[in-house]
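Trainee: The following block contains the structure, expressed as structure tokens.
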């Protein structure tokens, strides 16, 4: 009798722990789904509400990304969350449609991230050509290609059952029934489909993103060093003017603070790009590694032998959710620039989200020969908001000839733009969006 009581107590403890685990899982997954819904809905609502956000072509790609992530939160995550909490798949034959939605929405999200990286690299490396070529029509074509490719590798193979591996076999050698398969909604991918879909959905896009963001960093690094050179020239000229006021010839030293500021800016750009790539890779890479490994698992081997490439379902599901979690982080990474922050604060009714900074901004003016003729600090509020940025393109300091660029020449002209004023904001958030190029008269192109 005491033995039976002990056994019942242990079973009750196991049931209680299992129930507690399910409750914690439900709370965590609910928060993840709600945060994904809220963030991406805010992005869509901001663009619908504020016309100036729709006027920027680069925001079209952010909207497409938000829509794909919103579909992940509506069509994919809730159904899997219910199955995780219930311990089985309660939606029957909806499994195949859900698998197609999962592949389509996740692929669309990743491809939109890839398109954004290409768009920002093109905008930063060739701003004049970007201004002419990247029209709303061109943006819609790129977005349509991303979504069409996502549909083609999801619904067509799934509906034709090209994605499935061989039917699962039970221990007695019989093929598992349809009901047993539907209880789990386990889509055992074939080796061919797993590798080909992973290449299109992840490996090729991530390779493109690595190349584009690496080149963006190199361009930004060159630009920051050019700005630092202008700073040093401005401070040097100011120091010399102050020290030679009495007519004496005094040697003027170059300040070390400018070198430190240059390093600080380069580090900030590197951190920004590292966050963009790091979050994406950390979320999706583990899943796609497992996605290519699992089809090679030999589950028919005897229990005593080792089974390489075999992963338990819990581990696989954890990394699936890691990938979907990227959809909740994308609005924070890609839509939290100044324009979107102001729109969010207006929509939410909390205007203190975007406090106005009071740090000083240095204005450096350069004459036609490249000599610095004025350098002074002004409060941030006295500078137009259109100028309150850090240029991340070489053309912001040295002008280019659009005709030369169109013909294939990419070398900047030696002379600087006449009366060009460069705004050097020390604390502004770095943005990798399109920056309006500067024309030959030193004004921003409208």
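Each residue, glycine too, has its Cβ placed from N, Cα and C.
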Trainee: Are residue 88 and residue 310 on one side of the membrane according to Swiss-Prot?
Mentor: yes
Trainee: Quick one: sort out which of 166-191, 192-217 is the transmembrane segment according to Swiss-Prot.
Mentor: 192-217
Trainee: Transmembrane segment per Swiss-Prot: which of the ranges 241-265, 316-340 is that?
Mentor: 316-340
Trainee: Take the topological domain 'Extracellular' (87-95) and count its residues per DSSP category (helix H/G/I, strand E/B, coil), listing them in that order.
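Mentor: So the counts come to 2 helix, 0 strand, 7 coil.
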Trainee: When you check the transmembrane segment (60-86) against the transmembrane segment (138-162), do you get at least 3 Cβ pairs under 8 Å, counting only pairs 6 or more apart in sequence?
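Mentor: When sequence-distant Cβ pairs are counted, the transmembrane segment (138-162) touches the transmembrane segment (60-86), since at least 3 lie under 8 Å.
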Trainee: For the topological domain 'Extracellular' (1-22), report the average pLDDT of the model, please.
Mentor: 62
Trainee: Over all shown protein chains, what is the count of other CB atoms within 10 A of the CB belonging to residue 185 (disulfide bond)?
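Mentor: Excluding its own Cβ, the number within 10 Å is 20.
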Trainee: Tell me whether the transmembrane segment (23-48) sits in contact with the transmembrane segment (316-340), defined here as at least 3 Cβ pairs under 8 Å among residues 6 or more apart in sequence.
Mentor: yes
